[in-house]
Every structure is written in structure tokens, then in C-alpha cells.
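What follows is one structure encoded as C-alpha cells, with my remarks underneath.
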């Protein structure tokens, strides 16, 4: 063999080893996420559904739980995708020739984006519908009972659902783009149909993030206020503890001796009031035992950090709106190449990249909190060791929709200038200036309005509570008056 042949073989061998190394790294990362998600779902599932007398139902629930674990791992991978890419770019930019990070390259990052896109399609379109129909199926009438009969029924239902969704997407494509070539391209299931369907799902996820994130940003302040100990401002905790104990004793005496009062008593209401007073007394005891540092420094610093992160998010979006009006390059688009480590995607360098990662995680946590705080999805909130299997499936689907839309959401708002890789940058609506501009303006307006409303209401409530005005015998407009007959 000639020298050229040996060189070609060495290049092919090197490429083979690089592909194997990327596969091993991706498998290790996904295995780690899968284990974490499995531990999480194990603590939320209802144990009674997995220890039933009927072994068939228990087996079906175990299979559905594994599918949910896979979906939740993909959702967590989608959340970490953009921050991992930004940090990898800065690491390669800072240490370009380091031997120990040669495994971290553009090919690996691009492969991770493609895997997340593929697994997201697989979970949303096939695995989660299969898990739901599988748990609800009983087998065809007249067929043999067992897990295999449920599998047959689930496959048939999944095929019918696929045909229904395929027809709906084809009709939607005909309405939006009345072009014969665009409709015929949907017959190419892998190259056009799945990306088009995922584009529609991602657009719904981005709209859901637009609604849930401002709500979650406002909710973060109230949740932090409940978890941390507030400072004492012109209030006497000893007096509040004494009043709470006195009221609890009075209600307890009324419950134990209901015949002492000539009016009919609502015992359930009295029990709820006693529980509320006990909870209030526990919180007051916690505040009294807290140290001065925890009371006077922890709460203000936490509130200041939340205010700083929220204000920085709004400022970043406002700057991006100005960039959209001035420069066309500010529009979100896909990255064709996979070269990383060439230039920083932040004007502040590594410090700016860290700020971008923090803002992305902060907005994701806020969106999840806003999602579970909204009246429409409040009933979907998981409970510790008391979450039904269908509810777990619903939570996994919603979290996957939110997390898979996070890279597009972050790039659309201008939180980062890292362009979308793989099929994430093929969404048609990303190139529409009016949609992107209106989305940024709506997010900035809703977040600012929620922030102002939350702070004014919180400051007003704290001042009323600090000066003791909440204990004054003021008339309440919504309190029902007693009738003359009573």
C-alpha cells in the first residue's frame, strides 16, 4: 500500500475513534440524567399503583414510569443544552490547546443538539401518547387478557392518532402556505414532517413560556418571602405569639365543648382555623429563634438578588428590541457550522457568558413556577408520594414542551447571541420580524407590569403589618351581615 492509502486509513480511524468517544460521552451524560430523573419520579409516584394485587396493572405502570423517566431526562437535557454550549465555547476560547479538553469540540455539541431534537420528537409524538394509552387500555373485547393485549390496543390507538395528527398538520400547512411543493414535502416524514410538527409544538411552548415566565417572576418574590425569615419592622413577636396562643385556646375550647354556645357551629371550619393558627405559631417561633444575621441580612439579600436578576432580564430584552430595530443580524437564526472556540458570544467575555447562563436558569425556574401557579395548570402540580400515573405523564409532557422551547425562547429574547444548532434553527417563524419584535415587547411589558404590581402590593402589605394596621377593627366589605331573625 502507498503512503496516501495509509494516510486515508489513519484519518478514517481517527474519525471512527472520535465518533465512538462522542457516543460514549453522550451515553454517560444521558445515563446521569436518567438516574436523577428516576430518583425524582420515584419520590413523587403513588406507591399503591405499583403494589396492587393485579400484577398486570403494576407491570403497565412500571413500563409507563420508565417512559416518563426517559422523557423527563430529555427535558432536563434540553434545559442544560444551551448553558452547556455557552460554557463549552468559553472554555475552548480560554484553553484552545489544552490536551485534557480535546474531547470538547463542536462536533460533540452539535451531536448533542441533534440528539435532544430527535429524542424530543420521539417522546412527544410516540412515547408519551403510548404511555397514556397503555395505562388506560384494557385490551380488545374478546381477546386474551394480559400486557400483550394492552400493547395491541395501544398500538392501534397510536396509529389512529398519528393519522389524525398527520392530517391536521397537512391541513394547517395548506392553510398557512398554499403551495403544492410545500404540501408534498410533508410526505417526507423524516426530513420535513417531523421538523414541521415539532416547529408547531415549539411555537406553542414559546407562547406558554411567554405567559408563564412573567407570572413566575412575580411569584418568586412571594415564595422567597415565605421560605426566608423576614426582619422585624416595628412589630412585637411576643405579643403576636400570645394572641395566636390565646385564639387557638379559645377555638380548642369551643370545639371540645360545642354545647356551650347557643349558635350552631361549623366544626370543619373551626378545625381549619386551628390548623391555620398552629401553622402561624410555628412560623412566629421560627422568626423569634432566627439569628440577627439570618433575619436582617438573608431576606434583604435574597430580595435584592431577585430584583437584580429580574431587572437585568428586562434590560437585556429592551436592548435586544433596540437591536432588532437597528440591525437585522439580531434576528434569531440557525448556525450552519459547528466551529466553537473562535469568538465569544458575549461582549463581556466569560463574565457575560456566566450572566447569560444564570439568566437562562433563572427564567426557566420562574417559568416552571409560573406554570404550576397558573389557575389552568394548578391541578397538575405533583404531590409527594401521591401523584397518579396519568398526572405524572401530563407533567412530563408539559415540562418537555417548556424545556424544549427554552433555547428558542432564550435566543428570541436576546438573552444570548449563541445561534441555534441543528434543526432548532429551521423553524420558519424565527425569520418573521413582526413575530419576534412583538414577542420581545410583550415579554418586557408583562414582566415590568408584574414586577411593579408585586412590589407595590408587597410594600403596602409590609407597611400595614409593621404599623399594626391589620389588627385594627376595620369593617370588611365582603363579610356577610347577620340577619334580624338570627
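The backbone N, Cα and C atoms fix where each Cβ goes, glycine too.
Caution: TrEMBL annotation is automatic and unverified by curators.
The model shown is predicted, which means the values in this text are computed figures rather than measured ones.
Here TrEMBL flags 24-42 (among others) as transmembrane segment. Taking Cβ pairs closer than 8 Å, the transmembrane segment (24-42) reaches residues 65, 68-70, 72-73, 76-77, 103, 108, 111-112, 115, 392 in its own chain, all 6 or more past its ends.
Feature annotation from TrEMBL assigns transmembrane segment to 63-87 (among others).
What TrEMBL lists as transmembrane segment is 107-134 (among others).
The annotation transmembrane segment is assigned in TrEMBL to 155-176 (among others).
A Cβ distance under 8 Å defines the sequence-distant neighbours of the transmembrane segment (196-218), meaning residues of its chain 6+ beyond its ends; these are 117, 120-121, 124-125, 165, 169, 172-173, 186, 310, 313, 363, 365-371, 373-374, 401-402, 404-406, 408-409, 412, 423, 426-429, 439, 442-443, 446-447, 449-451, 453-454. TrEMBL lists 196-218 (among others) with the feature transmembrane segment.
A Cβ distance under 8 Å defines the sequence-distant neighbours of the transmembrane segment (297-322), meaning residues of its chain 6+ beyond its ends; these are 217, 220-221, 224-225, 228-231, 330, 355, 358-359, 362-363, 413-415, 437, 440-441, 443-444, 447-448, 451. The annotation transmembrane segment is assigned in TrEMBL to 297-322 (among others).
Annotation source TrEMBL lists transmembrane segment at 348-372 (among others).
The transmembrane segment annotation in TrEMBL covers 392-409 (among others).
The transmembrane segment feature in TrEMBL is assigned to 429-452 (among others).
Residues 29-30, 33-34, 36-38, 40-41, 45, 50, 109, 112-113, 115-116, 119-120, 123, 127-128, 130-131, 134-135, 340, 345, 353, 356-357, 360-361, 364, 389, 392-393, 396-397, 399-400, 402-404, 406-407, 410, 416, 418, 421 of the same chain lie 6 or more positions beyond the ends of the transmembrane segment (63-87) yet place their CB under 8 Å from a CB of it.
Remote same-chain partners of the transmembrane segment (107-134), defined as residues 6 or more beyond its termini with a Cβ less than 8 Å from a stretch Cβ, comprise 18, 22, 25-26, 29-30, 60, 63-64, 67-68, 70-71, 74, 77-78, 81, 84-85, 88, 150-151, 153-154, 157-158, 161-162, 165, 194, 197-198, 201, 338, 340, 390, 393, 396-397, 400-401, 404, 421-424.
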